[in-house]
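Inspection log for the structure reproduced underneath, given as structure tokens.
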Amino acid sequence: KLHSDLDKGVGTVKYTLSGDGAGTVFTIDETTGDIHAIRSLDREEKPFYTLRAQAVDVDTKKPLEPESEFIIKVQDINDNEPKFLDGPYVASVPEMSPVGAYVLQVKATDADDPTYGNSARVVYSILQGQPYFSIDPKTGVIRTALPNMDREVKEQYQVLIQAKDMGGQLGGLAGTTTVNITLTDVNDNPPRFPKSIFHLKVPESSHVGSAIGRIRAVDPDFGKNAEIEYNIVPGDGGNLFDITTDENTQEGVIKLKKPLDFETKKAYTFKVEASNLHLDHRFHSVGPFKDTATVKINVLDMDEPPVFSKPVYTMEVYEDTPVGTIIGAVTAQDLDAGSSSVRYIIDWKNDVDSYFTIDATEGTIATNELLDRESTAQYNFSIIASKVSNPLLTSKVNVIINVLDVNEFPPEISVPYETSVCENAKPGQVIQTVTAADKDLSPAGQRFSFRLSAEASNKPNFTVHDYRNNTAGIETRRNGYSRRQQELYFLPLVIEDSSYPVQSSTNTMTIRVCRCDSDGTILSCNVEAIFLPVGLSTGALIAILLCIVILLVIVVLYVALRRQKKKDTLMTSKEDIRDNVIHYDDEGGGEEDTQAFDIGALRNPKVIEDNKIRRDIKPDTLRFPRQRPPVEDNTDIRDFINQRLQENDIDPTAPPYDSLATYVYEGNGSVAESLSSIDSLTTEADQDYDYLSDWGPRFKILADMFGEEESYNPDKVT
């Protein structure tokens, strides 16, 4: 209830409420200020509410007092029972545990207020599971209540636990849970045989290593505590049998270590001990954790195949032994009580087996074909023995026949048949060591001897030195050999063996004479090397020949160039001056052109050089220059030409061509083309120069010059 001091009870004051739950959980009377709860409260949901209240003037709506805050606390009642949040529980405890052994602790939770009353004070108790277990009322710890609880008697226990609030008083609320407790196994029980004697019947035909029976000891424990180990106690018959443990069934499996024979022994008796592998020292006082039983084995008689006297038969026979010769025998017996005769056959597998036959009754083996040790040195086949009374019962044995050697092949040289000797070899020098090989199977200690044949022993070239250890040396007997005289030597060598009968062979060795250095190293053994100069290798000789060929080619080219040069035309160099005849390539200006060229230079005796040697060719031999008389001044050019013509006619070195001049060609604009007489078509005939007059005034002087030539010199110029 809220009330303001300013409230006179006349309705001028209005009360308001705000905060947690205002209007939803709590409401207020605006006139009286009474606060009411409009729904049920749950302390476990919300233990308190914070509210704010204020008194307001009804008319002005203004607060009459400051806003005040207050808390409404929900008072707890016992409306929640204890609950086991982790239940149901599963626990285990070893069997045979003492009283008070810890099993598990349970805990219940009460949602009521533990600070108010006894609503949340819980007490634990067992409703089901006594007298085996107990629980602490306050802590909820469960412990064993009986000693020596045996898993083999009862393994699973279900305990019902109750938790009650209000301290367990009347009217308190309670909750329950279930605890499933399992007794775990401990090795508290030894293995026990269900009976003291086990009887087994085993056929004598049982194979070694096969299982012939099973026995079992019972252990009520579980898991590894029930694992059993079986052992045969040393005694009668124990060495013929063995026992192992089947890990899946924990049975003892008896196996055969040696073959059984009913005719030798019909029964065996031995003891078997069963014991635990994993012992618990806490239970040693109970007694030994093992048990013993007796096993009796009766051997059953079976119809068995024949038994050979040996596991393998080995025989020997000489090669080329006549067909039908007996080389050995095999023997098999029927060891059963009613002994039966035995029949023998060869187990045919391939054609090799056809080399031998066997007597079906006696078991004797004889040759069926001629044997050759060099072809097959050993034969391996099988013989089958069967009972006449029961042919299905058979046994097999291997027979090995070694073919012995007969000395029928002569020894031969096992090294190459060709060797070499140096030209500078000394007497007594070993040039080759030879050994021998024999196709026959040489017995221990066989020796080979070496010697020269009779016709070779008289020759003074080579000899053979037998070292008496199955080797021999080829030695020289001369001081030096010449390839030019004889390149190859043939040495017949006789080799004998020591077997009977003695076999021998003659082997011819080829000895080649080679050129060697001072240390005996072979330089060349080729036949062509004999004719080469001493001290020069083939490569050096090839290089010399190549140089000679190159020099010959150079000489030939030089001569060819000289001949070609003699056939060339005269030189046309601008500086060339032949016999003071001026060479020019400039067209004159005609008779009106008096400045273009001064023909007086042709008559100038100073132009002529004494002892002038021709420059258009190179003379083949040196010659003395010709003495020419000086030309007098004002000598006509025709006399000069005639004089030079006579000199050339008597000169044997003068060339047979015109030595006057070379005019080459006219200018590009000239219609006269070449003015040179060298290219004239009629060099030996008279030429008509009248056409020069038709060329115009510029060629008048030239036309007059050639026109007068016939009157001055009727001879032809060559």
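The backbone N, Cα and C atoms fix where each Cβ goes, glycine too.
Keep in mind that TrEMBL annotations are predicted by a computer and have not been checked by a curator.
Per TrEMBL, domain 'Cadherin' is recorded for 4-84 (among others).
Look at TrEMBL and you will find 85-193 (among others) tagged as domain 'Cadherin'. Note on the domain 'Cadherin' (85-193): DSSP counts are 3 helix, 45 strand, 61 coil.
Residues belonging to the domain 'Cadherin' (194-308) score a mean pLDDT of 87 in the model. Residues or ranges marked as domain 'Cadherin' by TrEMBL: 194-308 (among others).
The domain 'Cadherin' annotation in TrEMBL covers 309-413 (among others).
What TrEMBL lists as domain 'Cadherin' is 413-531 (among others).
Under the heading transmembrane segment, TrEMBL lists 530-561.
In the domain 'Cadherin' (309-413), helix, strand and coil residues by DSSP number 5 helix, 48 strand, 52 coil. Taken through DSSP, the domain 'Cadherin' (194-308) splits into 13 helix, 54 strand, 48 coil.
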